[in-house]
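K.L.:
Residues or ranges marked as Mn(2+) 2 binding site by Swiss-Prot on the basis of sequence analysis: 270, 275, 293, 354. The Mn(2+) 1 binding site annotation in Swiss-Prot covers 275, 352, 354. If you look up Swiss-Prot, you'll see 282, 356 marked as active site, on the strength of sequence analysis.
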């Protein structure tokens with residue numbers, strides 16, 4: 001789908017469709033008023049008849065409006081004018097894209113980007129429109145024998161901006177939005193792939209292909225079980241020893257900074273391509289969704305793709321910690337004591353708390369990069385879902401400025417996160433009689449104690465942990481990976497470069 005920006009008046013547009021907003025109750029937006037004026041009150045007359053109230057998401061498609069050059073006008077309800085916020089704006093864009101796609105409008109000029117959204121500028125409105133449009137049209141049908149496609153799908157979208165001086169900002173917003181949307185799609189495609197296809201070797205192959213596609217700035221190396229054993233990554237190895245699929249850790253290095261020696265930002269993604277729980281086996285209900293336990297790695301993959309697409313002037317290392325937690329006679333057991341790469345020992349009380357065992361060795365491994373910051377991303381705890389539901393990503397950090405930076409990026413991107421505490425009183429729950437620590441700390445504060453566990457392996461750098469157990473995928477009729485938090489981390493990186501669209 002093609003996106004562009006322009007600045008022009010609605011009456012001069014020759015297009016299959018013009019999209020304008022209507023506020024509640026039956027109030028035309030300024031652009032809709034212009035169209036109403038040149039059509040001699042045609043639109044306002046329809047509203048007075050009760051054809052459209054203006055509630056969020058309501059639509060009315062008009063054909064051959066008098067004196068209007070475009071074939072059709074789509075009126076879209078935007079709610080109350082003073083209450084139009086970012087969430088409602090995205091809902092309006094989503095409904096617009098679906099309506100255009102379903103009604104055969106192959107191209108459209110959209111004036112919704114001229115609406116006032118509280119606290120948001122033109123760059124944000126255009127970028128979010130692009131990202132939302134791509135999200136709305138996303139399908140995962142690679143494995144279906146019969147693919148259903150619209151007869152006349154939407155192919156071109158033009159976003160109008162109020163003034164010509166905002167064209168540059170709008171064009172930058174499209175560029176950023178397309179790159180972020182591509183990263184989100186890549187993460188969703190990986191997450192939605194079934195575990196008989198997407199195993200650790202598949203993750204590694206995708207990492208290699210990513211490096212091959214972006215030339216000299218990017219390299220990938222894959223660390224297998226033999227090298228892990230030589231390094232002493234015994235916690236990581238233990239998790240995968242019950243699986244027929246070899247554990248593989250893919251390390252993607254992107255060097256985009258003009259200073260080749262600049263310290264990198266390191267992203268570490270949990271990549272459990274299937275998590276049966278091991279000996280502490282999960283219940284059968286919804287176990288199929290444990291293919292999504294690699295969405296942390298999928299996120300890192302998507303963010304790396306975004307950074308390469310935009311040639312961000314940063315050095316970034318992305319780690320996809322691929323593994324599979326299965327049950328057989330070789331599987332690790334509750335009661336085992338593991339010596340991690342850091343030298344610290346861990347008593348395994350529950351084999352279904354395996355993600356932190358993989359991550360702890362990965363977090364120690366990345367010390368060699370002398371990172372500026374390290375951010376790990378993981379579908380780590382059901383406790384985080386209980387605490388924050390499916391709307392907010394959980395965040396813990398050992399560095400207040402980094403935590404504030406991430407929360408700010410999350411708010412900017414509309415991919416929200418909430419910081420959880422990281423205190424000594426929670427660390428006490430991890431005490432073990434037989435090792436330096438246990439791998440679980442009981443039910444109370446489970447998302448926090450998981451973060452406390454990881455913090456013990458991140459003492460040598462500024463670190464943050466994102467628990468995406470509640471936000472990485474949806475269940476039910478809309479089942480599928482969400483691609484979160486690619487948008488948040490992309491915004492974080494854009495902010496680091498100064499290319500964040502602030503005006």
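We number each residue from 1, going along the chain as drawn.
Cβ atoms are placed via backbone N, Cα and C, with glycine included.
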K.L.:
In the same chain, outside 275, 352, 354, whose C-beta lies within 8 angstroms of the Cβ mean position for the Mn(2+) 1 site?
P.N.:
239, 272, 276, 277, 278, 280, 282, 293, 325, 351, 353, 355
K.L.:
I need the least crowded one of these recorded positions (270, 282, 356), counting other C-beta atoms within 10 angstroms of each C-beta.
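P.N.:
Result for the recorded positions 270, 282, 356: minimum number of other Cβ atoms within 10 Å at 282.
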K.L.:
Given the binding-site residues 275, 293, 352, 354, which one has the fewest other C-beta atoms within 10 angstroms of its C-beta?
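P.N.:
Sparsest of the binding-site residues 275, 293, 352, 354 by Cβ contacts within 10 Å: 352.
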K.L.:
For residue 293 (Mn(2+) 2 binding site), which DSSP three-state class applies?
P.N.:
helix
K.L.:
Spatially, and counting Cα to Cα, which of the recorded positions is closest to residue 356 (active site)? Options: 270, 275, 282.
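P.N.:
Nearest by Cα distance to residue 356 (active site): 270.
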K.L.:
Within the same chain, and leaving aside 270, 275, 293, 354, name every residue whose CB is within 8 angstroms of the centroid of the CB atoms belonging to the recorded Mn(2+) 2 site, in sequence order.
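P.N.:
The answer, listed by sequence position, is 239, 272, 290, 294, 323, 325, 355, 358, 378, 379.
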K.L.:
Round to the nearest Å and give the CA-to-CA distance linking residue 275 (Mn(2+) 2 binding site) with residue 352 (Mn(2+) 1 binding site).
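P.N.:
Just about 8 Å between their Cα atoms.
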K.L.:
Taking the Cα atoms as reference points, how far is residue 352 (Mn(2+) 1 binding site) from residue 293 (Mn(2+) 2 binding site) in Å?
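P.N.:
Checking the Cα atoms of residue 352 (Mn(2+) 1 binding site) and residue 293 (Mn(2+) 2 binding site) gives a distance of 12 Å.
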K.L.:
Indicate whether residue 352 (Mn(2+) 1 binding site) is helix, strand or coil by DSSP.
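P.N.:
In the DSSP reduction, residue 352 (Mn(2+) 1 binding site) maps to coil.
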K.L.:
Measuring Cα to Cα, how many Å separate residue 270 (Mn(2+) 2 binding site) from residue 282 (active site)?
P.N.:
18
K.L.:
Please report the DSSP secondary structure of residue 282 (active site), reduced to three states.
P.N.:
coil
K.L.:
Any idea what the Cα distance is from residue 293 (Mn(2+) 2 binding site) over to residue 282 (active site), rounded to a whole Å?
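P.N.:
Per the Cα atoms, residue 293 (Mn(2+) 2 binding site) and residue 282 (active site) stand 13 Å apart.
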K.L.:
Could you measure between residue 282 (active site) and residue 354 (Mn(2+) 2 binding site) for me? Cα positions, answer in whole angstrom.
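P.N.:
For residue 282 (active site) versus residue 354 (Mn(2+) 2 binding site), the Cα atoms are 12 Å apart.
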